[in-house]
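Q: Submitted below is the structure of interest, expressed as structure tokens.
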């Protein structure tokens with residue numbers, strides 16, 4: 001049982017590694033052309049996506065060859081100082097690093113007739129398989145929300161009520177200034193039943209009685 005499980009793990013690992021390091025082999029000018037003057041090689045190269053680890057295959061007749069050159073010689077179609085020469089009719093080229101490489105045909109005038117390509121190689125970057133579980137966020141059910149069981153305080157706050165009337169409203173008591181208090185007398189709250197002021201006649205009578213008493217007292221002393 002453990003052996004079978006080990007073999008399954010190894011097979012899965014091999015599949016993952018194979019998917020990560022998978023490479024592509026390109027036949028230059030294919031599938032409807034080749035390394036010749038009749039194929040639009042620049043358009044073919046621009047339409048490809050080359051990555052590190054990919055391979056090129058140049059297939060051509062004996063009147064052609066493949067020269068890898070510098071960018072300056074590529075632009076000038078100069079074949080006198082090649083980096084590498086391949087004359088065997090079927091040339092494989094491995095793209096081992098990112099960057100641009102330049103190839104031309106070394107036969108006279110063939111480069112000027114279009115037998116030249118620029119190969120732009122990108123760094124290999126394969127995404128890792130997504131092994132995380134699929135967790136989908138679902139909208140919450142309002143019926144199961146805590147708010148459904150615990151109403152907010154604003155919903156349970158009792159409304160203010162006025163006490164029931166128990167009878168006629170008592171009249172307010174008048175306020176009198178206390179003795180020695182700095183509070184001033186409020187005439188607006190005074191009782192309407194306070195004693196009326198003395199009349200002038202009563203004042204005169206009281207004064208006369210007082211003078212009479214002052215005159216008669218010495219007579220009896």
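Placed from the backbone N, Cα and C atoms, the Cβ positions cover glycine too.
Note that TrEMBL annotation is computational and uncurated.
The annotation signal peptide is assigned in TrEMBL to 1-22. Residues annotated as domain 'Phytocyanin' in TrEMBL: 24-123. Annotated region 'Disordered' per TrEMBL: 132-193, in sequence order. TrEMBL lists 139-165 with the feature compositional bias 'Low complexity'. What TrEMBL lists as compositional bias 'Polar residues' is 168-193.
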Q: Could you pull the average pLDDT for the domain 'Phytocyanin' (24-123)?
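A: Over the domain 'Phytocyanin' (24-123), the predicted model scores a mean pLDDT of 96.
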Q: Taking DSSP states H, G and I as helix and E and B as strand, how many residues of the domain 'Phytocyanin' (24-123) are helix, strand and coil?
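A: Summed over the domain 'Phytocyanin' (24-123), the classes give 12 helix, 35 strand, 53 coil.
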